[in-house]
Amino acid sequence: MKSKHRFIQACFRQPVDRTPIWLMRQAGRYLPEYRKTRAQAGDFMALCKNTELATEVTMQPIRRYGLDAAILFSDILVIPEAMGMDVRFATGEGPLLDPPVRVHGDIEKLIHTDPEDSLDYVMRAVASIRKALNEEIPLIGFSGSPWTLATYMVEGGSSKTFGLVKGMLYDAPESMHLLLDKLADMVAAYLNAQIRHGAQAVQIFDTWGGVLSQPTFREFSLRSMKAVVDRLDRTNSAGERIPVILFAKGCNAMVEDIAQSGCDVVGLDWTSEIGPLRERIGHKVALQGNMDPALLYASPERIAQGAREVLQAFGPHPGHIFNLGHGMAPDMSPDHVEALVRAVKEEGLKIHQGVA
């Protein structure tokens, strides 16, 4: 069954009328309407857990920009919370997780819960957003990768050195594998629940895969992501195929390995040229990306030029979803995002109509 949505078509490398665009963190603090809604919620996790408000912030960039896909508004750290950890977001400090997972016994205490129960607020949001979208564009569900989740759980929050989690990886690999296996089980169950409730594509964010060497990335990150992909429901109850996107920041050198994971789309950061990467793996998977997010600090004219450069580098071939190479930052201009979306739509149409 072929989808009517150009985003889904592009995920499966089918012909499209123009290149689809969505943006990581497209719902966020750079939007004044988001800041107003977050203030109404009280704090970030309260916003994630309020069905009406989570739906509202998901829809805000769709109404403003006419993007080609919506992405569920939530946070990757809902999984550690569901497994028994206390997760809070301290102002100016980022996430704090307590108690941190430091030894084998800590890992054994983590509980595998049914996301239909422990993360029921996410499922309500998925269903609510699907209704609000009214089938006009598809909804992307998401999760953090097992490795990225493990970094927060072992470090107890964000880290610059990743000393604790890497120490476990090197000194106690059996403990790290147990943690990653538990997380892979939970991530797969979580994404399958999102699919049951209406997610039409899913993305796994491996934000911290790039801090690993290539051998350790294969063993400790990619292996666990593949375990998740292998367990995902790739067709929903309506008979629609569900594309799977893997985005591993800082891992463009590993694209061949990632393309063999079973995913449909490989997300790229901005550090490599998309044209040569398409030549290497574009016959296997679609590619998502990969404009430097910092271009949004430039003038609208330079932003449009940057968008054209990415689109022209990929060319008129099937299988490209335009995105940034990482998420939106809070201090980016909504007007500059509008200039980007407009440029991608105009140039993406020309490329696929053969007039670029």
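We number each residue from 1, going along the chain as drawn.
Including glycine, each Cβ sits where the backbone N, Cα and C put it.
Listed in Swiss-Prot for this protein:
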BINDING   R25, Q26, A27, G28, R29, D75, Y152, T207, H326  substrate binding site
SITE      D75  site 'Transition state stabilizer'
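As a whole number, the greatest separation of Cα atoms within the substrate-binding residue list R25, Q26, A27, G28, R29, D75, Y152, T207, H326 is 23 Å. Reported as a whole number, the C-alpha separation between Y152 (substrate binding site) and D75 (site 'Transition state stabilizer') equals 13 Å. It is H326 that, of the binding-site residues R25, R29, H326, has its Cβ surrounded by the most other Cβ atoms within 10 Å. Checked against D75 (site 'Transition state stabilizer'), the binding-site residues A27, R29, H326 differ in C-alpha distance, with A27 being the nearest.
Neighbour density for D75 (site 'Transition state stabilizer'): within 10 A of its CB lie 17 other CB atoms from the protein chains shown.
Figure note: comparing Cβ neighbours within 10 Å for the binding-site residues A27, Y152, the maximum is reached by Y152.
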